[in-house]
Amino acid sequence: MEKAAGSPSVGGSCPQKNAEILSSQYGINLFLAGLLLTFAWAVHAVGISKSHLLSYLITLMLLQLLWMLWYLCRSCTQRRLIRDKDTHAGAHWLKCGITLFAVITLILDSFKIGYYIDFSNCLSPTEGIFPVTHAVHTILQVYFLWCHAKDIIQSFKTLERFGVIHSVFTNLLLWTNGVLTESKHQLNEHKERLITLGFGNITIVLDDHAPQCNCTTTTLCSIFSQGIYYLYPFNIEYHILASTMLYVLWKNIGRKVEHHHQHKTPFKFHGITVGMIFGLIVLTSTIAIVVVYLIQIGHSKIKSELALTMFYLHAIFVLALMCTAGIVALLIYRLEDRSLDNSKNPARKLDAELLVGTAAGSWLLSWGSILAVICAQAHPKYTWYNLPYSVLVIIEKYIQNLFIIESIHREQEKVNDDIKTLRIVTISRGSTLSLTPSYKEIYNGRAARDSGEVPCLIKGSICGRENGGGGSKEETSQENSSVVHSASDFSFYSRNSVTNNKRRVLKNIAAFLFLCNLSLWIPPAFGCRPEYDNGLEEIVFGFEPWIIVVNLAMPFSIFYRMHSAASLFEVNCKT
C-alpha cells in the first residue's frame, strides 16, 4: 500500500522503491548493451556492422514513441484532473533551448536522408530508416517535453518509471552514437593534418567508413557529407538536454510536493549592459580565433604553431577574466547574509552533480597537458603556453562551479522588486521631509486604503491633520516622531540601495560568464582542439593512449560549457 498523500517522501512504499530500483537496472543494462554494440562497430569487430547498431537504436526509439503516445493519450483523457507540477523542472528558457537544438537536429536528419538517397546503391536500408525514425522521434519528444516536463506522475507509477527511464537511456545512447561519429570524423581530420605535416614517427591509419560506391550527384554528396559534421554538435547537445529533463521527470514520479507560490523570474536585459558588452566582445573574438585556427592549422608547421600560440593566448586572457569575475561574485556572497534553500529539488541536485561530474573531463585533459609539459624532453616555444592555459582551466572551473552551485541554492528575496521605495513628501510647519517607508508600511497602508481608512504612513503628521485639533505640544511630538521615523527610513533606503548595487554587479557577472561559456563551447564543438594538434601529449603518452583519453574526456568538456551557460542563464534570472 502506498503512503498517504501528505507524506513528504518520494515514492516511499516498498513496491515503489523496488520499481525504482528495477527500472534503473533495466535502463543501465539497456545502455550497456548499446554501448558495447557501438564500441564493436567502432573497432570493426567481426560480424558487427553499422546496420546492427542502427537497428538497435531504431528499436529503442520506436518503443519510446509507443510509450509517449500512450502517455499523451492518457493525459488527454484525464486533462480535467488537477495534477501536481514541479515548478523548478522544465524552465521555459530550457524548453526554448532544446527546441532550437531539435530544429537543427531535424536539418541534420534531412541531410542524412539526402546522403542516403545519393548513396542508396551501396548503403544498408537501415541508414535510410534511421534518420526518418529519428526525425519523428525528435518532433514527438520535444512536444512531450513542452507539455509534460513538469509533471509529477502519481498513477501507473511502475509502468511510467520503466517508460521514462527507457527514454532517458535511449537519448543517452543516441548522444553516444553522435559523439562517436563526430569524434571519428575529428580524428580522421587530425590524422590527415599529421600526414600533411610529415610526422613519420606515428603510425597513421585513417578510419574510413565511407560508402564503397560512387555518388549519383557529386556536389550534393559533398554538401551533405560536410554539412552533417557541422550540425553534429547541436544534435549532441539536444540529446543530452533531453536525457536530463527526462531524468528529472523520472525522479519526480510519486513525489509529494508542498504547494507554495513560485516567483516568476523572467530574463531582463536591463542592468546587465556592461556584462553583455564584455561577453559579446569575447564571443566575437572567439569566433574569429576559431575561423583563423581552422584555416591555418595543418597547412604548414609555422602556420600551425602560430595558430596554436594565438589560441592559447586568447584562451588564457578569457579564462583569467572569468576567474576574476567569479572571485568578485563569491566575495559579494561572503558579504551578504542570506540563507540557503536546502529543500528537496531533483532538478537543482542534478544541475550541481552535472557541473562537477562533467568538469572532470576538462580536468583530466588539463592534468595530462601539465604532466606532458613537465615530462617532455623537448619544448617547442608554443607548448609553454599550454601550461598556464591548463592551470587556468582547472582553477576557472573550481571557481565557476562554486559560484553557480551557491547561486542556485540561495533563497530569493521575498520583497517585490517593483515596490522597493516610496517617497512621501510631507509639509510640516513649512519644512519638507523626504521619507522612505518600508515595504511593510506600504502594505499596511494599502490594506487600510482598501478598507476605506486613511493610511497612516507617517505617525501623526497625516493622521493628526485628518483628526483635527491638537495643541502645539502634540504638533511638536508629531514633528519629533516624523524626524525619528525619517532617520530609520533613510537607513532602510541606504541598505536597499547597497543591495541593489550588489545585485546589479552579480547580474553583470552572470551575463558575462554566460557569454564566455558559450564562447568556450564553440572551439571544441567545431573542431578547434589543441589537445589533438600541439603534439606534445602524443609524444609523451603515445599517440593511441592520448587519443583515447581525448575522445573520452572531450564530450564531457563540451557538455560542461553548454550546461554552465544554461545554469548561468538561470542564475541571471534568479539574481
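Cβ atoms here come from the backbone N, Cα and C positions, even for glycine.
Database features (TrEMBL):
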TRANSMEM  26-47  transmembrane segment
TRANSMEM  53-72  transmembrane segment
TRANSMEM  93-117  transmembrane segment
TRANSMEM  129-146  transmembrane segment
TRANSMEM  229-250  transmembrane segment
TRANSMEM  271-295  transmembrane segment
TRANSMEM  311-333  transmembrane segment
TRANSMEM  354-379  transmembrane segment
TRANSMEM  505-527  transmembrane segment
TRANSMEM  539-560  transmembrane segment
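With Cβ pairs under 8 Å as the measure, the transmembrane segment (539-560) is packed most heavily against 354-379, out of 53-72, 129-146, 271-295, 311-333, 354-379. The transmembrane segment (229-250) is not in contact with the transmembrane segment (53-72), judged by fewer than 3 CB-CB distances under 8 Å for residue pairs 6 or more apart in sequence.
When the stretches 53-72, 93-117, 271-295, 311-333, 354-379 are ranked by Cβ pairs under 8 Å to the transmembrane segment (26-47), first place goes to 53-72. With Cβ pairs under 8 Å as the measure, the transmembrane segment (505-527) is packed most heavily against 311-333, out of 53-72, 129-146, 311-333, 354-379. Long-range contacts of the transmembrane segment (93-117) within the same chain, counting only residues at least 6 positions beyond its ends with a Cβ under 8 Å from a Cβ of the stretch, are 123, 127-128, 130-132, 134-135, 138-139, 141-142, 145-146, 149, 216, 220-221, 224-225, 227-228, 231-232, 234-235, 237-238, 241-242, 245, 267, 566, 569-570, 573. Three or more CB pairs closer than 8 A are found between the transmembrane segment (129-146) and the transmembrane segment (53-72), so contact between the two stretches is assigned (pairs 6 or more residues apart). When each of 53-72, 311-333, 354-379 is checked for Cβ pairs under 8 Å to the transmembrane segment (271-295), 311-333 comes out on top.
Distant neighbours of the transmembrane segment (53-72): 30, 33-34, 37-38, 41, 124, 126-127, 129-130, 133-134, 136-137, 140-141, 144, 147-148, 160, 163, 166-167, 170, 173-174, 177; these residues of the same chain sit at least 6 beyond its ends, with a Cβ under 8 Å from one of its Cβ atoms.
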